[in-house]
Amino acid sequence: MRAHEAGWAHAPGALRGPAWLRQPEDINALVPILWSETAAKRDGVLSIGGVSLPELVAEHGSAAYVLDEVDFRARAAAFRDAFSDFDVYYAGKSFLCTTVAGWIAEEGLRLDVCSDGELTVALRAGLDPALLGYHGNNKSRAELVRAVELGVGRIVVDSFHEIERLAEITASLGVTARVMVRVTAGVEAHTHEFIATAHEDQKFGFSITAGDALEAARRVLAEPGLRLEGLHSHIGSQIFDTSGFEVAARRVLALHAQIAAELGHTMPEMDLGGGFGIAYTTQDDPSTPALLAEGMRAVIASECERLGIDSPRLSIEPGRAIVGPSMCTVYTVGTVKEVALDGGARRTYVSVDGGMSDNIRTALYDADYSATVASRASEAPAVLARVVGKHCEAGDIVVKDEFLPGDIAPGDLLAVPGTGAYCRSMASNYNHALRPPVIAVRDGVARVIVRRETVDDLLATDVGAALEGATR
Ligand SMILES: *Cc1c(COP(=O)(O)O)cnc(C)c1O
């Protein structure tokens, strides 16, 4: 049971949130670990990158994603420097647009894509295909053909069908493709824990324990058009220490050594995936890239020594840990409602001009977030509130529990930190919502890097015609 599940209390009149949630001493203050580097509050007004959010909203509207460029680049650079002897691939699925792909390349990182759409953005940004990794458990033939023709640096294969497909494609084009084999190491990481288990009942990867991974390597090696670069393992997300990587690395390195011994092929590389955790609330205590690097290096070195092999060149694929904390979402409060609960307690529902269409993670993963008023200071006593969206779904919750000023009212701006990863990239048009813009802020300048959708964007794909003779 997670801590917050145990913490609900419905004592009369006293609504308490999850056990970990503490009422802040100063409701107007920012909790630094949750915010990007340049976030600051003055008289209750939140600014990021030197841009005041009330002014940003006055110009660009809300809801809006606000991306702190300095913070994003600093996090990318921190991974680059801490893992200087690794290749660092930014996981584009966490958030990708042309501008951000450019920042990634400028900071010396490589990029992972997992669809033709993501690949197209990378190319549009001018990235070198040789520095891209291509993921996915069901890449189409067209996607594979394009990747091979472009000379994408590594294609991570995830099924026997895909190995066959890729072999046909390379044979018909008369070229070779560099391939990694995605394996399941029997390690599942989730939030603060990892579970090392033989349980591998999920769609990704070839099982090491069942022998499928070895067989996949054998089949790749048998294809003249495929070059087996290495094994790939990604154990999950929101991982806070290296213990899960340790178990996975041990198993993957053992297979790496077995392939060398039994199949006579020493693979030059190995990828340990992403999944490094960030702080969404005060209960999260993320590690630093430097500590993660140190832990991973130590495990690899000792395992390689034990196996009597040279270490392959390693790579990692952080997504969330780079973009997650760099972005926040700013909303305008539309309505406030007090709802009576069983036992006499009341919960304050604060509705904002967005919701599950711009942040599905609360509904999808039961994710926790925090929020702060971005437009003014308040002296009112704190109330435990729930921030909800405007969609036709009771589960349309943005922040399950947060202390907000008791005088929160329509027109106030609310900012939710840590929304950089898997929010805009998973955003939808549910209820025909227009997806919010992404606005990069830096040195007092706000720059739209993904514009807000318009009704014309929505109607562009709706090719139906109006009723004959309809009046409008
Ligand atoms: C999603 C994913 C990542 C990135 O995960 P984060 O939690 O964003 O770091 C890296 N590698 C693979 C294969 C993934 O599927």
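The backbone N, Cα and C atoms fix where each Cβ goes, glycine too.
Note on P318 (pyridoxal 5'-phosphate binding site): other Cβ atoms within 10 Å of its Cβ, all shown chains, come to 28. The DSSP secondary structure for P318 (pyridoxal 5'-phosphate binding site) is coil. Here TrEMBL flags G275, E317, P318, G319, R320, Y422 as pyridoxal 5'-phosphate binding site.
The substrate binding site feature in TrEMBL is assigned to R320, R361, Y365, E393, Y422. A C-beta separation below 8 Å, combined with a sequence spacing of at least six in one chain, links Y422 (pyridoxal 5'-phosphate binding site) to K93, S94, F95, R320, R361.
TrEMBL lists 72-323 with the feature domain 'Orn/DAP/Arg decarboxylase 2 N-terminal'.
Taken from TrEMBL, the feature N6-(pyridoxal phosphate)lysine covers K93. Neighbours of K93 (N6-(pyridoxal phosphate)lysine), defined as other CB atoms within 10 A of its CB across all chains, total 21.
With every protein chain in view, the residue among the binding-site residues E317, E393 whose Cβ has the most Cβ partners within 10 Å turns out to be E317. Each of the binding-site residues R320, R361 was scored by the number of other CB atoms within 10 A of its CB, and the lowest score belongs to R361. Cα spacing between E393 (substrate binding site) and G319 (pyridoxal 5'-phosphate binding site): 29 Å, rounded to the nearest whole number. Those same-chain residues not listed among G275, E317, P318, G319, R320, Y422 yet with C-beta within 8 angstroms of the centroid of the pyridoxal 5'-phosphate site C-beta atoms are A91, S94, S237, G274, F276, A321, I322, G324, A421. Residues G275, taken from the binding-site residues G275, R361, Y365, E393, Y422, are distinguished by a CB atom under 6 angstroms from ligand 1. In the three-state DSSP assignment, the secondary structure recorded for G275 (pyridoxal 5'-phosphate binding site) is coil.
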